[in-house]
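TrEMBL annotations:
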TRANSMEM  25-48  transmembrane segment
DOMAIN    41-287  domain 'G-protein coupled receptors family 1 profile'
TRANSMEM  60-78  transmembrane segment
TRANSMEM  98-120  transmembrane segment
TRANSMEM  140-158  transmembrane segment
TRANSMEM  195-220  transmembrane segment
TRANSMEM  241-260  transmembrane segment
TRANSMEM  272-289  transmembrane segment
Amino acid sequence: MVLGNHSTIMEFTLLGLSADPHIQVMLFVLFLDIYLLTTMGNLMMMGVIMTDYHLHTPMYFFLSHLSFVDLCLTSVTVPKMLENLLSQKKSVSVEGCLTQAFFVFFIAGTEVVVLSAMAYDRYIAICYPLLYGQLMSKQLCEGLVWVSWVLGFLDALINTLMAWNLDFCEAVLPHFSCEVPSLFSLSCSDISTNFTVLVCSAIIHASGTLLLIVFSYVHIASTILSISSTSGRSKAFSTCSSHLAAVSFFYGSAFLRYFMPTLSSPLELIFSIQYSVITPLVNPLVYSLKNKEIKVALKRMLQKGLQQLRKQRIGRG
């Protein structure tokens with residue numbers, strides 16, 4: 001396959017979310033706030049897990065990587081969106097657009113594997129608690145994270161290289177960011193092969209990981225229902241509820257976005273915003289609000305911070 005684009009289109013114009021300048025300013029403030037909160041929330045989650053030895057377990061190892069992936073995903077899309085909201089010329093080069101599309105695909109593909117690894121971790125913890133330490137070894141956890149990045153990279157590379165060879169005859173992209181499905185409507189080339197590869201990769205990659213999650217939770221539900229005490233069932237379910245919420249938010253919108261790549265409607269924008277902007281914001285909130293161990297770790301971190309401030313003040317005094 002020869003790399004390079006043969007069309008005369010040198011850049012795309014991103015229409016974004018609105019053409020009204022006043023609405024654009026309001027959207028800029030809204031998404032800037034969301035981005036700052038997302039960044040702080042995910043950095044806080046990563047910092048708490050890294051510094052608190054009580055959280056050095058497989059479950060929180062995967063959660064710290066989920067926070068990192070979420071931070072990467074929102075950083076790939078939101079800064080360019082913010083720039084375009086305040087810019088008169090809302091354009092991006094073809095190469096820049098394809099690069100952004102690659103990283104969106106890459107990071108989203110990585111996240112679905114991380115979510116499935118987290119489901120497997122909960123499956124082992126609840127269904128085989130006595131073997132948990134043996135089965136969920138440090139080497140296995142690190143291996144699963146590496147696999148998630150490698151699979152995401154390969155999937156994104158295949159689809160982006162194929163999109164790179166399309167001839168583009170339309171320059172207006174009715175979106176706030178560049179994604180592989182959005183580029184199909186701008187091409188005057190035959191996109192049937194690209195579309196088939198995209199759907200097949202989505203089925204194999206995303207649906208495959210979703211099946212693993214469903215398999216894990218079917219067995220988890222069966223085990224939880226067999227627990228005699230109500231408190232035991234409640235405790236077992238509480239360890240899964242945050243992950244189920246994360247899976248629902250991400251898979252629900254990402255699946256609809258990539259399984260209907262020629263949607264070309266406001267729903268396309270909504271689905272993209274939900275999985276690339278809202279989900280990275282919601283995940284740390286869900287885990288910090290619903291997880292007692294995270295709350296306790298945050299309290300310990302704040303107490304240590306206050307103690308250090310007091311020591312500094314006393315030293316200066």
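Note that Cβ sites are derived from N, Cα and C of the backbone, with glycine treated the same way.
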Quiz item: Under 8 Å, at least three CB pairs between the transmembrane segment (195-220) and the transmembrane segment (98-120) (pairs 6 or more apart)?
Solution: yes
Quiz item: What average pLDDT is reported by the model for the domain 'G-protein coupled receptors family 1 profile' (41-287)?
Solution: 85
Exercise. Could you give the residue numbers and ranges of same-chain residues that sit at least 6 residues beyond the transmembrane segment (272-289) on either side and whose C-beta is under 8 angstroms from one of its C-beta atoms?
Key: 31, 34-35, 37-38, 41-42, 44-45, 63, 66-67, 70-71, 73-74, 76-78, 104, 108, 175-177, 179, 242, 245-246, 249-250, 252-254, 257, 295, 298
